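For reference, the structure is listed below as structure tokens.
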Ligand code: G16
């Protein structure tokens, strides 16, 4: 198939809403699905160009809006090693998406070819997948049209979790090399994780049943398929919220974002003392755990708690294996609870970096460590092992049985943990591995540190793009004067911290606050949210103390 600017113009998909401005946000393009058909066409063209630029390496395209409501949709590109699209290309994506005529699209395409010195005669390979949203089939057609017009070889992998697509991209690009990541099929993915899990829990008593809320999303059928690879005596899982064909059910009063934001279990999940629960999000790339404390209160074990658990376990294994020259580090965002950072730095004595929101930022920072644990508080995250760490784990000769066991466990973790992106199924298995190895209840895991009371709120404003930040999103640059106002409010609360930033996936400004007590936290959140509303052009009702 050849590249043709004429074909790109001839098949142009017009914009449904002339004045809509598209931006490649925290995780690609995301908005109400109705306005995304033209974007899908352009993303097809961009994926082709990206593959041609990289000599025909396979690029991935995932159609999903993850945690957003069902009427939204979105699309993101996956680079050859399974990581998010290189950031310098996001501006090209935005330029193409906002080209409103066949001529301006052809011109924008030519500009990318010229500035990136792309040889359009190179081959292009693109694979794609999608989640359970009703808008996906129509959007897939538009994507296919863009891929075809720009001359890519393609493969449709159908219904997938986002992390499975990332896995497939890496497998296809490393096939036949010494770095081969795995079999590029869903079966290959399940097999790799299942075998690693069996090794990691071998010899330990199986834990009680884990209850998994799948957000009525793609995680439900995929988790079921995965579980056919493990017998009941290895893991016992009870799946709820698996209604993927019920209209309006996706992420509605369930899923990781609901649980994290509302700090409560989904209303239809009957949470019993002594049981262990977790929730995926709509495309199964996030996970949070929770349980009922002995005092009958809801307890959340979010991304920060998972990072702490993983870092603690890996540090212990690295020490037991006698390879403590490996540098283990943790990457967080401003949303990390102050107590978690304190635990990592003061108790575990692990270096911690803070970066902007978005897996793309955390992933690259984590690559700077031999073993980089990265998690957002909302449950997005994974652990990256550098090539030299993998080599050390593989080649170190054990001198004692204990050292041998630790090396085997580390080797199993490198297979179990998705190295391309945060993955709810893989992260679930990581947590289950650690709890099984320690024979811990969630309560015992929770004892590492006590979270400061915290709250997340959303404020809808006329134009969220006026909210710009610095210092890993911890301080506002604009609207002018608002940061000083927030600082003055925060100063009145013990252990108070609050920051404000525009969401890159929803049309809202997010407000985060934490303080010494629940009452102080709620009041602080409310006061900051009101300041945002008043100075930032709030729309609709003024925030009320809930
Ligand atoms: C996406 C990103 C995450 C980010 C989240 C919220 O998650 O992949 O890294 O934390 O959006 O971002 P924002 O605060 O900018 O809206 P998901 O699960 O929706 O793909």
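Keep in mind that glycine also has a Cβ here, set from the backbone N, Cα and C atoms.
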**Report entry** Annotated companion of 281, 283, 285 at the Mg(2+) site, TrEMBL, chosen from 66, 494, 498, 503
**Finding:** 66
Query raised in the report: According to DSSP, which of helix, strand or coil covers residue 66 (Mg(2+) binding site)?
Result: coil
Query raised in the report: For ligand 1, which among the binding-site residues 283, 376, 378, 502 have a CB under 6 Å from it?
Result: 376, 378
**Report entry** CB-centroid shell, 8 A cutoff, Mg(2+) site 66, 281, 283, 285, site residues removed
**Finding:** 64, 67, 131, 161, 162, 217, 256, 280, 282, 284, 286, 424
Query - Leading stretch by Cβ pairs under 8 Å, where the reference is the domain 'Phosphoacetylglucosamine mutase AMG1' (207-288) and the options are 56-91, 101-176, 302-440, 475-529 - result: 302-440
**Report entry** Helix, strand and coil residues within the domain 'Alpha-D-phosphohexomutase alpha/beta/alpha' (101-176) as assigned by DSSP
**Finding:** 41 helix, 13 strand, 22 coil
Query - Chain residues outside the domain 'Alpha-D-phosphohexomutase alpha/beta/alpha' (56-91) and at least six past its termini with a C-beta under 8 angstroms from it - result: 24, 27-33, 36, 39-40, 43-44, 46-47, 50, 122-131, 133-136, 139-140, 143, 160, 162, 165-170, 172-174, 181, 247-252, 255-257, 281-283, 285-286, 359-360, 363, 419-421, 505-506
